[in-house]
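To keep things clear, I will list the structure first and then write my remarks on it.
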Amino acid sequence: MAEGVFSGAIGIDLGTTYSCVATYESSVEIIANEQGNRVTPSFVAFTPEERLIGDAAKNQAALNPRNTVFDAKRLIGRRFDDESVQSDMKTWPFKVIDANGSPMIEVEYLGETKSFSPQEISAMVLTKMKEIAEAKIGKKVEKAVITVPAYFNDAQRQATKDAGAIAGLNVLRIINEPTAAAIAYGLGAGKSEKERHVLIFDLGGGTFDVSLLNIAGGVYTVKSTSGNTHLGGQDFDTNLLEHFKAEFKKKTGLDISGDARALRRLRTAAERAKRTLSSVTQTTVEVDSLFEGEDFETSITRARFEDINAALFKSTLEPVEQVLKDAQISKSQIDEVVLVGGSTRIPKVQKLLSDFFEGKQLEKSINPDEAVAYGAAVQAAILTGSNLSDDTKDLLLLDVAPLSLGVAMQGDVFACVIPRNTTVPTIKRRTFTTVHDGQTTVTFPVYQGERVNCKDNTLLGEFDLKGIPPLPAGEPVLEAIFEVDANGILKVTAVEKSTGKTANITISNAIGRLSSEDIEKMVSQAEEFKAADEAFAKRHEARQRLESYVSSIEQTVSDPVLSAKMKKGAKSKVEAALADAFSALQIEESSAEDYRKAEIGLKRVVTKAMATR
């Protein structure tokens, strides 16, 4: 890579199943990886020798299911006891353990048992995306805009930002995926001067968002947003996998539930069948020797696939209804419905949505896999002020808080301070008081959600305001100030009005949050892993070079014509040097340097032996 640092920033769509990276240099470019693919699997695999990320990791998943990690986005910012984490764990071949309430992924790597946080796994994927960009740009990349589902809560946003820091990136902004896709649409096929209401329907591999925007010139105003951070293509695959599993059991009497390799192979076949059924109405599925020597062969129709996933497909319309209701807009006022995310290729999903909008033609002009990274790259260029075109220099994004924020009052009742769909950044205040006479400390538990009872919402963290004057209950005036930044991340301050005493919290001490020390430690670990990866690659290369050289010299020695050209008595020296090179290849612990020395040693002897007499 050329020296120097890229002055701009890259846009990264960190997806549940696939990720995508783009850069903006006078126009947007989606960058392909070394396999030539414009999307890279969000997979990380650990082996006794090395760590693999992306295509290489996904390609060996069936051979190494226990140590191939994916779906980190379904763990990030969640607690171990989260209902969705517990249900996902039943389908994942890798092990997830409880570390003080946070989920950690346990794998075997370099012959040891290691555990990684979801942030570290995501950081490995981000590092891969950063390297893909660096290979194209030819400079070191330090800054990025990373996208998250619009419906991600505070904990999930902060954890994604932390993953960026572990990957050595300065995360300039966390932006919402549907908003990024709206930029791609507004600058591309949807370019128009007139004001319009655009609904972005973003159904990806693991998450689902619906956002309603008003686009007027270069101003993108999000009116409302809704979604499900646990719905996507993976769930459709899982339902199909369960169907195939039951069919295999019926035919053979065998249950593959406990066999991680068979499950991975069948899941891959299910994913392939799902994709095929978007363009044909029937397909066959064949997996040779799936389990205990038994082959699996079946055919599946599009209608059956739709039936298996009917409830999930239908559930995608609920957030659509919600955003219209929240924005107080009727469906007839929506000018365009834009499809984003690979799962919107499913014909049934398109039909349900089109029918909901009275047969409206859906907007399929943008690439559903690349639109989010495209929008992120535009935002990255705006934030770094690099090479903006006329279209982008006046672009303004006004996004919203996806979920209400507030504190718990007596009786665990949720007191909302910032209602959902409030434009961010924002500052809101609300006054509270004491409930007991002489009370000098008040605890502020901060929650995010829409329910009246706090236990049904997400606890983001809590803090104490101490030193309140001991007055009768109800007299002290305590003001809670909620501040949400452009990343959708919250800071809360409480002030006692008569003394001016303050206490604050940037929600970062809740369960699963990483302290700056944790992040620093993970950054240095990430660098160590990267160094180990590089050392492994160098060793592998050096070994291959030595092997091919040894093999060519062996041929020379055994060829009577060629060996006759050697100096007298030199053949035995060459044979001895060959034996030394062989022993270097036999030693497991040989380093790249050992192989290099063995190759140089052998070359010297051969050169002397072949020197003209």
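Cβ atoms here come from the backbone N, Cα and C positions, even for glycine.
Straight from Swiss-Prot, the features:
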- 16-18, K73, 205-207, 271-278, G342: ATP binding site (BINDING)
- 1-391: region 'Nucleotide binding domain (NBD)' (REGION)
- 392-402: region 'Inter-domain linker' (REGION)
- 403-613: region 'Substrate binding domain (SBD)' (REGION)
- 516-612: region 'Lid domain (SBDalpha)' (REGION)
- 574-582: motif 'Nuclear export signal' (MOTIF)
Report, as numbers and ranges, every residue of the chain located at least six residues beyond the region 'Inter-domain linker' (392-402) whose Cβ falls under 8 Å of a Cβ in that stretch; write 'none' if there are none.
24, 150-153, 175-176, 179, 183, 187, 217-227, 378-379, 381-382, 418, 420-424, 426, 484, 486, 488
DSSP-derived structure type at Y18 (ATP binding site), helix or strand or else coil:
strand
Which has the fewest other Cβ atoms within 10 Å: T16, T207, S278, the binding-site residues listed?
S278
Which of R272, K274 (the binding-site residues) has the most other Cβ atoms within 10 Å?
K274
Would you mind pulling the DSSP three-state label for S278 (ATP binding site)?
coil
Which of G205, T276, the listed binding-site residues, has fewest other Cβ atoms within 10 Å:
T276
Which of the three DSSP-derived classes (helix, strand, coil) applies to R272 (ATP binding site)?
helix
Restricting to the chain of Y18 (ATP binding site) and a gap of 6 or more, list residues whose Cβ falls under 8 Å of its Cβ, or answer none.
V39, T40, P41, S42, G205, G342, D369
How many of the residues that make up the region 'Inter-domain linker' (392-402) does DSSP mark as helix, as strand and as coil?
2 helix, 5 strand, 4 coil
Per DSSP, T207 (ATP binding site) is which: helix, strand or coil?
coil
